[in-house]
Amino acid sequence: MVKNGSHLDAETLAMLQNKAISITLPVVYTMVAIISIPGNFFSLWVLCWHIKPKTPSVIFMINLSITDLLLACCFPFQIFYHIQRNHWIFGKTLCSLVTVMFYSNMYSSILTMTCISIERYMGVVYPMKLIKWRRKRYALGACVIMWIFLLLAFYPLESTDLTYEVKELGIITCFDVLKWEMLPNFAAWVAFLLTLFVVLFLIPFIVTVGCYIGTIRKLIQTSSRYGNKQKTRSIYLAIIVLSVFITCFAPNNFILLAHMIVRLFYEGSLYPAYKLTLCLSCLNNCIDPFIYYFASKEFYQKFMQVFRPKVPLSDSLETRRESLFSGRTMSVRSMSSGPMDGLEGVKICLQRQESVF
């Protein structure tokens, strides 16, 4: 962070010349791109063309997969930038676009995983009481609102020239040196950073943890209804999502908060550590397909058909239990409502054939 007319401090100059960062980031981004691009293309293919009907969870997973692929489009620019020792040659407009997409991916992934956890919680703990909220149009609306909110939150990055010419090194940086004028005053900087940390990370993390604890507790209490296989898949899903939060997202967000506190109040810097934690935040692109694997029974079945075709697919007792449960639910809805309500209940319960787990 630099003010008009001031020179970069020694710590920032040292960070821009740090060989560990210039080597580590391109290597990690390349590996993530190699793994995540085919994985997310396969996921998108399965989710869009092989899973019907499109339940709320599927809508959220499609949103997550598209977000991951958009981030993959940013990797070539980031890789070239760091190979060139933090020298940006693509202009200020592309710098802003790549930066916004890079950070939108992380926070969109966080919010989408939170939406999936809420949808799972409603489907397991309150399957009938909250069924009207588990509809496709609400999931689509949530995705649209999510992206509008993110674009508004990152408006300072969208409307500011994020490039900076470092005359001492003869390079032009992209986002590595922020201009103080990006926001009007000190209070605006504090509000911006707290929004990123509290609203886009801390609150979603707490909600996600609470939803999965409630979901797993309910599954354990009603294991005879859902079956051990579905309970196990739900537990695996919870473990993977929480691991992504703790491993991929938490280090970056906590280091960012600590760095900005040190920068704003003590004129120090934790930016090298922050840059390295960006590698961790990108790893979620490789992990997301595993979330789909455990979140959707149909995705799991398609995966097995493609990669393990000789293994017979059989849901046996688990499928019969789920079908029996869906049938009971449908009957109750039909008998307790009017004619149109009964038809709506049948339609909704048919959607339950796509596993709520």
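Each Cβ is built from the backbone N, Cα and C atoms, and glycine gets one as well.
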Disulfide partner of CYS174 per Swiss-Prot: which of CYS74, CYS95, CYS115, CYS248?
CYS95
With reference to Swiss-Prot, specify whether MET128 and VAL262 are located on the same side of the membrane.
no
Counting Cβ pairs closer than 8 Å, which of 57-77, 138-158, 186-206, 237-257 has the most of them with the transmembrane segment (98-118)?
57-77
Which of 57-77, 186-206, 237-257 has the most Cβ pairs closer than 8 Å to the transmembrane segment (138-158)?
57-77
In the topological domain 'Cytoplasmic' (119-137), how many residues does DSSP call helix, how many strand, and how many coil?
12 helix, 0 strand, 7 coil
Counting every protein chain present, what is the number of Cβ atoms, excluding its own, within 10 Å of the Cβ of CYS174 (disulfide bond)?
23
